[in-house]
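Enquirer: As annotated in TrEMBL:
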- B:179-195: compositional bias 'Polar residues' (COMPBIAS)
- B:201-503: domain 'CDC20/Fizzy WD40' (DOMAIN)
- B:174-195: region 'Disordered' (REGION)
- B:329-361: repeat 'WD' (REPEAT)
- B:472-505: repeat 'WD' (REPEAT)
Amino acid sequence: MPPTKQTTRQAITLKGSTALVTEFFKYAVNTILFQREVYPSDDFHMVKKYGQVVLVTQDLALENYLEKILKQVQKWILTGSVTQLVLVILAKETRTALERWVFDIKLVEPVGGEPGESSSKPETEIQSEIRAILKQIVSMVTFLPVMQEEKVFNILAYTSDSADVPVGEWIDTDPLAIEAGKSQQVKLRSFSTDIHRIEAMVAYRYEE
Amino acid sequence: MSAFKTPSRRRVRSEVKTPLTPSLASALNGVTLDSPVKRSSSSIPVTDAFQRQASSGVIRKGGVESRIDVVVLDYVPPPISKPAEVKRSRSTPAIKNVADRDRFITSREHNLETLDPMALNTKSASPGHTARLVEATGVPLNRRILGYHLPPPTASSDTTLALQREFARPLYANRPGSLATSTGSTTNKTRKISTQPERVLDAPGLVDDFYLNLVSWSSLNCVAVSLDTSTYIWKADTGAVVQMGEAPSGTYVSSVNFSADGAFLGIGLGTGEVELWDVERGVKLRTMAGHQAQIAVLSWYSHLLSSGCGDGSVWHHDVRVPRHKVMELLGHNGEVCGLQWRKDGELIASGGNDNVVNIWDGRVGDTPVGGDTVATGNAKWTKRNHTAAVKALAWSPWQPNLLASGGGTNDATINVWNSTTGARLHTVTTPSQITSLHFSPHKKELLSTHGYPTNAIGVWSYPSLEKVAEIRDAHDSRVLYSAISPGGDMVVTGAGDESLKFWRIWDTTSETKKTKTARLEGATRSGVLSLR
């Protein structure tokens, strides 16, 4: 009896952690889209989240688009088949990548081991870590290069070969990388739940 | 992973021997440029032969290439590339290991150097390029990079929506200088005025209509206010309320105004009649009919009661004579909603829904003998600077030729005119619709009341027209009506939130202040009073 109980508890934690991570992506993506002015600022409204104000789009089309993507990402996180999520900001005309916001998704605790022993992290602590990342994203605006041109964005998911991919919805794509010689990278903070660890990084085009 | 990558490395090395590398091509170009004579003599056959060799994959000795002797020099496989390759291939799957990753990043810089010529190869589909990208992004190759099949939606740039936003902007305009959390009162350093009303009177049924003028304050310290069909007099000295009768059924009161001595009250009706009431006795003296539309505004000078009508006409009624209509002023295409006699009766200013301000000579011409015809006046000045209805008009008490006028929502501008020369002396743009204007009797200041979005009372210095003080959100809805007390220190405002508020805007001498407060203490500390 106890083992089954523990596995159910674990399943719930995995689900909870996945939901938490997915939710973080939603707000992180919204924050980036707002801060980097990919969409006009009056499309966004303020929402209280993680004990602070976060700007979330009210553009219905964009909302649905992100929701569809995140729904699939959530499935992948649940099965552990996604390792990285990248938000690429491209110049609309030339399709060159200007910024890549990279979120590494890592499993903290491989399945097995001693599940009951892991010290569970209080949610407030996780939230404060998330808050720190979002604040860092906001503060990045101060030194990231100004992007004059029209911008579009693209979300890439780096999955394992074995990942279930809905046919026709997700397609293999170019990594939309920035040429190594013209790229600068900044590592952001990270946060972790009991299951997942998210490490954030931004690479941006920088030409002297 | 390595199974994928190793061929790419092999290919890099094999390219050294093949003639079609970009570097060779550029080298060839360089040669031909260096010796144009040679090129002109043998360019076509050489290229031809070269192409044949290239397609066959064999290079004959003694050809152009061997003479150039650049092939060997260009692509020397760097010795460090081999260990780097080993490291890379080993590190790829072990992305979880931080130590490995660190080493991987360090080695990348080596690789970049050696692989730099590859950047010339613009065919990004080549495995070598992919490998380079893999390094640049730090992502192993056994992963799939997936993107959603639809491009993200473009930002909504609906033109009709943008247009609507443009139209609605005055209503949702930023309240300048206000914080998001501000309760709405800002006062200039130079002078502080109380942002709290001295008294609030409940005025149920007070009509929320920009064009009407429903509040008046007499020289006998009585406030008249019309609540839909009935008019009430509130005696400020005693706090007593007297009803001045009802409008005839089917209509409503659209304007009230006290005569200069405070003994008579003119009431304009929605049907076009003008009633004359005796304030002291509370009886109606006469009804002066003739107008065909709503009387939105009334103004007195001595025995002349002037009425502004919905059809754009202004009539002077002589209240002493049976044939009351003594003059007609025709100069507006829209409803007249602002009308103000100058104190000395020399001039009368009118403003209308046609955005025009007219200044008329106040002298009444001789009525032609017989018939119904009356004298008509011509406007002395016609001002078309406003871009919205002009309801707010005020003559300066201390400089007779000054007239201030304020426009509605789309204009929101105060203009000050010289009525002698017709010149526009000052202009100031405010954030919101101007519903009324008053000059202070004792100070060189101008008071304005505003509609959305500030619902404010503003005080401006004259002639600089700098904001001296402002009471934001004086009412819960737009401030529509206002009147100044006979003492010149208090202002009463009425608004669509069905209340009258009394504000102490200008402190006169401290003595009078003391008596005023004493009086207020006695009469109305009970808070909200009801007029009904």
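Note: Cβ is positioned from N, Cα and C throughout, glycine not excepted.
Automatic, uncurated: that is what TrEMBL annotation is.
Describe the structural surroundings of these features, if you would.
Expert: Residues 210-213, 293-294, 296-302, 304, 306-316, 376-395, 397, 400, 403, 405, 407, 411, 415, 417, 419, 422 of the same chain lie 6+ residues outside the repeat 'WD' (B:329-361) yet bring a C-beta within less than 8 angstroms of a C-beta in it.
Within its own chain, the repeat 'WD' (B:472-505) is flanked in space by residues 175, 178, 182-186, 193-195, 197-210, 212-221, 223, 225, 236, 262, 433, 435-436, 438, 440-442, 447, 449-452, 454-457, 459, 512-513, 516, 531, which lie at least six positions past its ends and keep a Cβ under 8 Å from the stretch.
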Enquirer: For a three-state summary based on DSSP, what are the helix, strand and coil counts in the repeat 'WD' (B:472-505)?
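Expert: Reading the DSSP string over the repeat 'WD' (B:472-505) gives 0 helix, 18 strand, 16 coil.
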